[in-house]
Amino acid sequence: MLSIGKPPPCPLEEERPEPPSPHTAMLLESLARIIKVQLPAYLKRLPLPESISGFIRLTVSEWLRLLPFLGVLALLGYLALRPFLPKKKQQKDSLINLKIQKENPKVVNEINIEDLCLTKAAYCRCWRSKTFPVCDGSHNKHNELTGDNVGPLILKKKEV
C-alpha cells in the first residue's frame with residue numbers, strides 16, 4: 001500500500017518569513033530613524049562652506065562641529081584605500097645574529113666532543129636548513145641577502 005505524504009505547497013502561496021522578534025524590530029526601527037531622520041538633520045546643520053576658501057573663515061566652534069564628520073570621512077577613505085596600500089615587508093630574511101661576533105665575516109664555533117660518532121658534524125644555527133638540525137649551508141644564501149654573518153655550529157672529535 002502506498003503512503004501519501006503531505007502535498008507540496010502550492011507555487012502561488014509564498015512562504016512568509018517569521019516576523020522579527022520585538023527586540024530586533026526595535027533595533028531596526030532605531031537604526032532606520034538614525035539613517036532617515038537624524039543623519040540628514042546632522043548633515044544639514046554642519047557648517048560646510050561653499051568654497052575651499054570658506055574653510056579659512058570657519059570659527060573654532062564650527063571646526064569642532066566638523067571634526068566628527070571629517071574623522072568619519074578620513075576613516076572611510078582609509079578603509080577604501082587600504083587594499084591598495086603597500087603591504088609591510090615580512091621579516092623573512094631579517095638579521096638573526098644581532099650582536100655575537102659581528103666583527104667576523106662568519107660566526108663559526110668548534111666544540112670537541114669525545115663521543116661524537118662522526119669526526120666532524122655541522123649543526124644549523126640559522127633555522128633555515130632543510131635538514132635541520134644538521135646544517136645544509138642555507139646560511140650562505142641568508143648571509144648574502146641580509147648582510148648577516150651567521151654560520152654553523154661545528155662539533156669535532158679531539159684528535160688523539
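Using N, Cα and C of the backbone, Cβ positions are placed for all residues, glycine too.
Curation does not apply to TrEMBL; its annotations are automatic.
On a predicted model such as this, the values are computed, not experimentally measured, just so you know.
If you check TrEMBL, you get these features:
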type: COMPBIAS; residues: 1-11; note: compositional bias 'Pro residues'
type: DOMAIN; residues: 106-145; note: domain 'Iron-binding zinc finger CDGSH type'
type: REGION; residues: 1-22; note: region 'Disordered'
type: TRANSMEM; residues: 63-81; note: transmembrane segment
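If one looks beyond the transmembrane segment (63-81) by at least 6 residues along the same chain, the residues whose Cβ comes under 8 Å of a Cβ in the stretch are 43, 45-48.
Shown for the domain 'Iron-binding zinc finger CDGSH type' (106-145): DSSP residue counts in helix, strand and coil, namely 8 helix, 9 strand, 23 coil.
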